[in-house]
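One structure is given below, encoded as structure tokens.
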Amino acid sequence: MKKMNLVTAALPYVNNIPHLGNLVQVLSADAFARYSKMSGIETLYVCGTDEYGTATETKALIENTTPLELCNKYYEIHKSIYKWFNIEFDIFGRTTNKNHQDIVQNFFLQLEKNGYIKERETEQFYCNKDSMFLADRYVIGECPECQSMAKGDQCDNCSKLLNPTDLINPKCIICKNKPILKKTNHLYLDLPKIKTKLEKWIKNPDTSKNWNTNALKMTKAFLRDGLKERAITRDLKWGIPVPKKGFENKVFYVWFDAPIGYISITKNIIKNWESWWKNNDQVNLVQFIGKDNILFHTIIFPCIEIGSEENWTILNQLSSSEYLNYENLKFSKSEGTGIFGNDAITTGIPSDIWRFYIYYNRPEKSDFQFMWQDLMERVNTELIDNFSNLVNRVLTFQRKFFGDVIETIEIQNKFWKQITPKYNKILNLFKKTELKSALKEILKISSLGNKIFQDNEPWKRKNNSPQETKELISNLIYLIRDLSILMMPFIPETSKKIQQFFGNSYQFSTKILGTKSGIKKIEFTEILFNKLEQKKINNLKLKYSGDKNMKENEQAENLPIAKEQPENLFREKVLLRVVKINKIERNPEAKNLFILKLDDGTNKDKQIVSGLEGYYTEEELLGKHIIIVDNLKPAKFRGIKSEGMLIAAEDKNKNFKVIIVEDSIQNPIAGERIILENDQNKDLACPPKIDINKFLKANIVAENGELKINGINLILENSKNKILSKDIPNGTVC
């Protein structure tokens with residue numbers, strides 16, 4: 001059993017001020033690290049700023065400064081914001097530290113030595129005026145999708161992922177002249193060559209069992225569709241130099257060097273860094289990331305470590321979260337919309353309130369919209385009327401009627417039988433990084449404490465049954481002490497204040513939960529929080545809503561907040577069709593990839609690429625009807641275009657089977673759409689192109705041999721026959 005917890009949060013990019021959504025990862029890792037330390041586990045929480053790459057170089061140009069000066073500026077801004085939010089890093093460093101270059105270059109040399117690096121000639125935009133190759137963010141132009149101005153990697157308006165060559169009327173961001181395409185050489189990490197070792201690691205029972213569902217589904221879908229070689233070099237100046245002849249003027253792509261930053265940042269601060277990073281048998285690596293970073297942490301970084309063929313500590317526990325958004329608007333400093341870290345400091349709202357609200361709504365399984373009205377309601381009802389109220393009413397009652405001294409108490413077994421079983425449940429939720437659920441379970445205990453106080457009516461019984469009333473209040477005081485321990489990972493300043501009421505040195509250990517000794521006296525009390533007022537919230541909402549006037553804000557405030565249910569997402573975003581496999585070919589570049597030639601009812605050949613080697617032979621699939629995600633954005637796998645993705649079911653024992661629509665039972669028609677059972681006879685729109693993450697959010701499951709979403713059957717649109725999963729009766733669909 002592993003004895004040490006190495007905790008990391010995704011390294012924030014250091015060319016901007018972090019907003020509330022950016023803070024989710026560092027706050028999540030902070031809560032887990034605090035829990036781990038309270039549990040007596042040796043713990044190291046590592047984070048730092050990701051400083052190299054195109055975004056930094058271009059931002060430095062805009063601010064008329066050097067990349068390093070820009071990083072120095074924003075590093076201090078990040079540090080001050082994290083300090084105000086009371087994020088307790090053990091190490092908070094930078095990827096521009098003195099060890100980073102050596103470690104990154106050493107990883108590269110090991111990968112090259114072991115045969116995992118390839119060289120390839122490509123075409124890239126080149127600016128004749130500035131005499132330089134242009135990385136993606138150095139190119140701007142018109143988005144082909146929405147015609148807005150966009151950078152060469154992604155359109156900020158419609159979120160479409162782009163290559164610089166996709167842009168209409170591309171221009172150099174520096175001189176605004178039109179670039180030309182020019183050949184250049186780059187180095188690639190040969191992910192397909194590492195794939196077998198990677199899959200063996202992922203299939204190990206001790207690996208992915210500790211990953212959350214979305215991360216695991218996305219990783220498996222990515223693997224199934226085949227890994228591609230990935231460029232690791234760029235034509236930039238700001239970055240780690242490539243230690244290879246002929247590549248002296250190139251640097252490593254930031255995605256290659258950034259995850260290695262966890263290691264270099266640790267080495268830069270502590271001497272025994274190898275006891276953490278080269279100790280896979282003893283160290284549990286727990287990583288907190290956003291959904292946009294999943295593949296970098298489940299595929300790219302592990303491949304770098306595995307390919308080096310050294311005993312690196314590798315990912316064991318992964319907690320990925322969805323997006324925290326703002327009032328149906330985008331976080332934008334320039335437009336004045338959204339709360340950024342420095343804004344939170346000036347609102348006059350304490351950091352523990354911000355922490356509480358972010359944890360309470362941590363986007364663990366779906367995106368969450370920050371709403372000012374919801375902030376006020378959740379804080380006033382759950383944090384103040386529930387938790388803070390229990391602390392105040394119990395301690396005030398004790399001091400008013402029984403004095404400051406806490407007498408030795410008689411244990412009320414009936415009281416504690418309601419409470420103590422819940423402690424283990426909460427600690428287990430912490431262990432599994434289900435932080436939102438842990439917080440809500442703690443609040444349930446607080447609510448139960450209020451109910452016990454109310455039901456026993458101590459204000460009535462204190463005269464007729466003074467001893468019993470004393471015992472009740474004393475037991476409630478120890479409950480408050482326990483709640484201060486459990487709430488410590490979420491609201492540390494408030495938890496410390498509660499323990500100061502008892503005059504003790506801080507006792508933040510899970511080992512004393514449920515014990516009934518150690519509190520002698522109440523030294524002082526005070527109100528923990530003041531309620532948030534509607535007027536203040538209205539003013540803050542207006543202030544951080546950009547150019548919208550108060551009327552628009554009030555209208556938005558009255559709109560119902562509709563959570564995107566999986567069945568609604570499926571109906572509006574996902575297009576499943578039945579297709580018939582007419583022909584199967586092998587990719588000459590990757591024998592594990594099947595190229596499936598499909599009949600989709602349009603009399604045009606359609607093809608998808610899927611990694612089915614080891615699962616099926618060609619004979620088992622040829623002529624079968626299967627289901628594909630028909631509106632998935634096209635992709636290339638080892639040079640072969642794939643126009644969709646087949647769907648399959650997987651059970652808890654990792655058994656994997658393609659969903660096959662039986663001719664004799666279900667009477668499928670090639671091209672027939674798959675719909676929800678309650679959408680029969682409806683005129684359904686054809687949804688837009690989506691990425692794989694959007695499909696996975698539909699949460700299709702196999703349940704008792706039938707495919708369902710939220711309990712609703714999927715059926716064939718024409719025959720109305722249910723979609724079956726005979727081989728995997730119960731499992732997830734990916």
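Residue numbers in this text run from 1 along the chain shown.
Note that Cβ sites are derived from N, Cα and C of the backbone, with glycine treated the same way.
Feature annotations, courtesy of Swiss-Prot:
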- Cys143, Cys146, Cys155, Cys158: Zn(2+) binding site (BINDING)
- Lys333: ATP binding site (BINDING)
- 570-675: domain 'tRNA-binding' (DOMAIN)
- 12-22: motif ''HIGH' region' (MOTIF)
- 330-334: motif ''KMSKS' region' (MOTIF)
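In sequence order, Cys143, Glu145, Cys146, Ser148, Leu162 are the residues of the chain that are 6 or more apart from Cys155 (Zn(2+) binding site) and have a CB within less than 8 Å of its CB. Residue counts for the motif ''KMSKS' region' (330-334) under DSSP (helix as H, G, I; strand as E, B; rest coil) come to 0 helix, 1 strand, 4 coil. Counting other CB atoms no more than 10 Å from each candidate's CB, the binding-site residues Cys143, Cys146, Lys333 peak at Cys143. DSSP classifies Cys155 (Zn(2+) binding site) as coil under the three-state reduction. Residue counts for the domain 'tRNA-binding' (570-675) under DSSP (helix as H, G, I; strand as E, B; rest coil) come to 12 helix, 53 strand, 41 coil.
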